[in-house]
Amino acid sequence: MGLPTLEFSDSYLDSPDFRERLQCHEIELERTNKFIKELIKDGSLLIGALRNLSMAVQKFSQSLQDFQFECIGDAETDDEINIAQSLKEFARLLIAVEEERRRLIQNANDVLIAPLEKFRKEQIGAAKDGKKKFDKESEKYYSILEKHLNLSAKKKESHLQDADTQIDREHQNFYDASLEYVFKIQEVQEKKKFEFVEPLLAFLQGLFTFYHEGYELAQEFTPYKQQLQFNLQNTRNNFESTRQEVERLMQRMKSASQDYQPPSQWTMEGYLYVQEKRPLGFTWVKHYCTYDKGAKTFTMSAAETKSGGKVNGLVTSSPEIFKLKSCIRRKTDSIDKRFCFDIEVSERHGIITLQAFSESNRKLWLEAMDGKEPIYTLPAIISKKEEMFLNEPGFNFVRKCIHAVETRGITILGLYRIGGVNSKVQKLMNTIFSPKSPPDMDIDMDVWDNKTITSGLKNYLRCLTEPLMTFKLHKDFIVAVKSDDQNYRVEAVHALVHKLPEKNREMLDILIKHLVKVSLHSQQNLMTVSNLGVIFGPTLMRAQEETVAAMMNIKFQNIVVEILIEHYEKIFHTAPDPNIPLPQPQSRSASRRTRAICLSTGSRKPKGRYTPCLADHDSDSYSSSPDSTPMGSIESLSSHSSEQNSTTKSASSQPREKSGGIPWIASPPSSNGQKSSGLWTTSPESSSKEDATKTDVESDCQSVASVTGPENTSPPIDLTKKGLYGLSGLKRSAASSLRSIPSAEGRS
């Protein structure tokens, strides 16, 4: 029920009903006054909270800006560079958002608090002043009226006339105050409809403008976000592949002899205890020692273990360098310490007595200092009877496998990624490479399923005595794809392929031609160029020395395979440019880390708006049409942007200008209405179940060697690492792969 109307005529009568209606207005006015006071208080708290939030976000963005990723290895892939730079992009986005919030906070007091305070003081305050005047005049009038009515009629006429004049004057004053009060209180009641609602509207408009700016920034950020999702997915795939290889190496190292000597620039190195003379006798001090046989240089650095405050609790002094003259094993009965030997050096008189950790460790030191050859292989780690060779039976086997796959299984989901059962693969290898089998024996497709055939093919390639792309050219291929120049990557790989031995290049041609066909059916089998690179990178390439550093280069091996697939016609069917320089090792480039990963840069939008950082078309971090290829897409997630991808995927992604002249990439959904396909995902449970039934096939390599070639004396290759199911680096069960597809159909 609304407030009653106050008529001016009622002010003259001043009836009880008028007073009651006036009181209703006064109660409502007081309630409005209290509400506005609370609103001002809450608004001030809100503005303060926004200010504190803004400061916290700015501090958070500054932390993102200051942090710098460091990756293992001397170079990073384009994906890793983009990921490392992403924190600075996030910081730029947050700063752009906070710029708009800062304007909101700056204007909030003028837009909200000041107008409300003004309305309360000027309008409601004026009404309260009117009430005071009304109450004062009312009290004065009725007091004089009461005295006037009590005058005796016997008073003089002149006295009575003065009293009448006075009462008329006071009544007029009361009447005027009543009219003004009635007018003012009703004016305030009407003005409150807009006078304090308008500031609220203006504040909300500013708040919604801030939210809208955030929405627009999010829209502009979407292409970069999708590109970063590709980079993260690629890096995750590479990580899984590398992690499994490193874990296998770790397990082999656990089973190796404690005195295994890894490859090193020194002939021998390790900790030794050195006997030093003291005033009260002798003491043994731990030193880290190295010996270079060629220069006969022996160095030792005192290493003292301390707890706390030092790196790894180890403090090393500056090394002492000596020229070795002789080394003699110390007889046990000549000293009360075990595992000792004496050396003579040119820089000191007398002998230096050293203590090794064990008898076998002492033997290694003695052999090294006697000028014997160092041990660079992995003794006691690898046990291998036979090896496989690249010969005619192998060529026939690969051709038969490829024919079987292309005939009936090229569209099978997870082709080459989902491995076969170990026992079946071993049986296939024994059947094909049996000495009694004919060299051109066919593969019975009624007996062998597709997974067994693909696993057999991968197993044969991994068990070769030397990888298909050779140890000799391994480092050259890795250095080539570490280049910032994409065109040089392709040209260098092209030139290096033509340096391969004839048989190796022929086999590589057969295989890559097949993988090109597989990638063309990625809509069905989900085996994109990137996925094939993850699987066949460790299969076709491996370092001769199996170290963690070598494992960190698996991601670059994957890129080499991607380039081979994407540029198959050029690499295998055209002659390389003779003017292309061979790859040269480069140190880690700081400038590359700080180079903008943007797909493009444009003029900044007004008000400090965030400009999405997307790459130029010729940048090595360019990703074609991110909108049309969201995370998990069947399109290639290759970190090496190829001519093939840029031509096939960018047809529907023409760059356009958004307001403010900011280039960004966008494209409509694909014609079939399906924007994404399922990611290769798996759970620990599914992976563990698969591991239980599918293991590395070391025995296959031994069974095939009997017909593939004579015994080879090259350094032994670790077969436990090169097993069948370590090829992709991402173990995926068939069930989990199939489950991942329907859930993504029809969704972005």
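Glycine is treated like the rest: Cβ placed from N, Cα and C.
TrEMBL tags one of the stretches 120-154, 225-259 as coiled coil, and that stretch is 225-259. In this model, the domain 'PH' (265-374) carries an average pLDDT of 79. According to DSSP, the domain 'PH' (265-374) comprises 17 helix, 56 strand, 37 coil.
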